[in-house]
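The structure under discussion appears below in the form of structure tokens.
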Amino acid sequence: MKTVAALTLLAFATAANGQFLQDCTNALDGLYALGECEPQFLTCSGGIARIMDCPADLIYNEPLLICDWRHNVIGCEGSGESSGETSGEGSGESSGEASGEGSGEASGEGSGEASGEGSGEASGEGSGSGEETVENVCENLEDGAYSSGGCTTYYFFCTTNTARFLSCPTPLFYDADSQKCIWKSLVEECKEDLTITDGSGETSGEGSGEASGEASGEGSGEASGESSGQGSGEASGEGSGELEPTCEGKADGIHPNGVCSTNFLTCSGGIARIMDCPASLVFNPTILVCDWPRDVAECAGLPTPQPTCEEDGYFSFGQCSSSFTACTNGRAIVMFCPAGLKFSESTVRCDYESNVSECQETSGEESGEASGEQSGEGSGEASGEASGESSGEGSGVEEQNQCVGLDNGLHAIGCSPRVLSCQNGHVDIFECPSSLVFNDQSLICDYPQTSLKCLIEDTILIDETPIAAFDCSTDGLFSDGLCSATYHQCTAGQLINFTCAASNAVFSAANTECVDSSTLLQCH
């Protein structure tokens, strides 16, 4: 308890001074912010500092000690996409080439003014109205969870007239009756929207401003503004020459993206996203799932798509690079080493720069630091912390046999953040970011509620009760994650954060106390 109190005092002192820790010198074990609205945070354990990345689109929320949406972090609401894309009405009217809405400007129909009114992101008026909605949406409503209306993935919590906006993980939708994120087919409001639509007709210039500004704002607007005066804003930033579909006129949900395509279109709140099917599968518009080409009527007589990866394995992006490509069954997946590590193609692992042969020619630096992965080959634990993977070398027959009977590719290891990679008998183990688990249906790291294995194996941690707001209306102790050393206590409506004192201890929601991490299955 003394350790927890000291940690709390240190956090208050840091906030009062307006300073942020950059290393763990004289710091207690715990999590610390690296700055305001930062997508990374600092972890201190035994005096050792590690910089960790939040999942995509999230930033570190220091009061809650979690990665959170930008609009949920005080002071960061207006510093994200809305302020970074196009500020002011003039940008959409006169400088279309410099913004994501430029494609709409070129067409003459989807101009900056129209896209600003429709998307709420391109103009100051749009962002202002968004703030007004945040302040007034909970007026005269009781505290609790509410749907944003209709068939949607968005919902919000009301706590003392203050709104906290959230969205369901893809591809779930919010059900107002059960107050949970569930499959679209089970949501009453979505049943009338479950119709098959053709995704090939959305190519007009009217929707191009939204598509280029929201779905492919990184480069599509600029590319279309320069290459065409006819408003070819649908051209994707990847330069593929294909038309980028929009969600204009489409209900929230899943839609085809062409005929016999290896990807599909998802629409959520008018925002279009292209999702890839797993390797060797194409989208079946009849049942709205990825399926074998032989079972999709539209694929009859069409040539089989060629794989983007000729050989399975892991390949570096370049000499002394922290990025690498994982090729699995002809599909390329871009992966990244943890902060401070480089990918070694010769050893097929992330390692310190001094231990990567590809880095020696460029850096010439030699370090006496011992590699955490080498000492961790026997246990798999040190390797998982330092490089984001456990090589499995020397860990015994049991780990080598994990790939027996499994196809080449990625596989979930139960309801856990660990990912098993099988490549022609070679075993690798990767780890998802904190509080996420690997979903072997979608082949991505996702929230535990989306994993079928979590729903089957872990009935204690995966709570099927209706969603509750973080308003501490219920007294008790609550864990901050699947295998987390941090937890919080709610007493008379007040929230107090705690951290387990022992270095190897995590909080058990079932026992309502800190226990040794080796006793919990989800921590293995």
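Including glycine, each Cβ sits where the backbone N, Cα and C put it.
The annotation signal peptide is assigned in Swiss-Prot to 1-18.
The annotation domain 'Chitin-binding type-2 1' is assigned in Swiss-Prot to 21-78. Mean predicted confidence for the domain 'Chitin-binding type-2 1' (21-78): the pLDDT average there is 84.
Per Swiss-Prot, disulfide bond is recorded for Cys54-Cys67 (among others). DSSP classifies Cys67 (disulfide bond) as strand under the three-state reduction.
Among the features that Swiss-Prot reports, region 'Disordered' is placed at 78-134 (among others).
Among the features that Swiss-Prot reports, compositional bias 'Gly residues' is placed at 87-129 (among others).
Sequence annotations record features per position, and here Swiss-Prot assigns disulfide bond to Cys168-Cys181 (among others). There are 21 other CB atoms within 10 A of the CB of Cys181 (disulfide bond), with all protein chains counted.
Here Swiss-Prot flags 196-248 (among others) as region 'Disordered'.
What Swiss-Prot records for 202-240 (among others) is compositional bias 'Gly residues'.
Per Swiss-Prot, disulfide bond is recorded for Cys277-Cys290 (among others). Residues near Cys290 (disulfide bond) in space but far in sequence (CB under 8 A, at least 6 apart, same chain), listed by position: Phe264, Cys277, Pro278, Leu281, Val282, Phe283, Asn284. The DSSP secondary structure for Cys290 (disulfide bond) is strand.
Cys337 (disulfide bond) falls outside any helix or strand according to DSSP and counts as coil. Look at Swiss-Prot and you will find Cys337-Cys350 (among others) tagged as disulfide bond.
The N-linked glycosylation site annotation in Swiss-Prot covers Asn355 (among others) and is backed by sequence analysis. Under the DSSP three-state reduction, Asn355 (N-linked glycosylation site) is assigned to helix.
Among the features that Swiss-Prot reports, region 'Disordered' is placed at 361-399 (among others).
Annotation comment: Swiss-Prot describes 382-392 as compositional bias 'Low complexity'.
Under the heading domain 'Chitin-binding type-2 5', Swiss-Prot lists 400-456, citing sequence analysis as support.
Taken from Swiss-Prot, the feature disulfide bond covers Cys432-Cys445 (among others). In sequence order, Pro55, Pro417, Val419, Cys432, Pro433, Leu436, Val437, Phe438, Asn439 are the residues near Cys445 (disulfide bond), counting only same-chain partners six or more apart with C-beta under 8 A.
Feature annotation from Swiss-Prot assigns N-linked glycosylation site to Asn497 (among others). Other Cβ atoms within 10 Å of the Cβ of Asn497 (N-linked glycosylation site) number 17 in total over all chains.
Across the domain 'Chitin-binding type-2 5' (400-456), DSSP assigns 12 helix, 22 strand, 23 coil. Using Cα positions, the member of the disulfide-bonded residues Cys168, Cys337, Cys350, Cys514 nearest to Cys54 (disulfide bond) is identified as Cys337. The residues of the domain 'Chitin-binding type-2 1' (21-78), classed with DSSP into helix (H, G, I), strand (E, B) and coil, number 3 helix, 24 strand, 31 coil.
Of all Cβ atoms in the shown protein chains, 22 besides its own fall within 10 Å of the Cβ of Cys67 (disulfide bond).
The two recorded residues Cys337 (disulfide bond) and Asn355 (N-linked glycosylation site) have their Cα atoms spaced 14 Å from each other.
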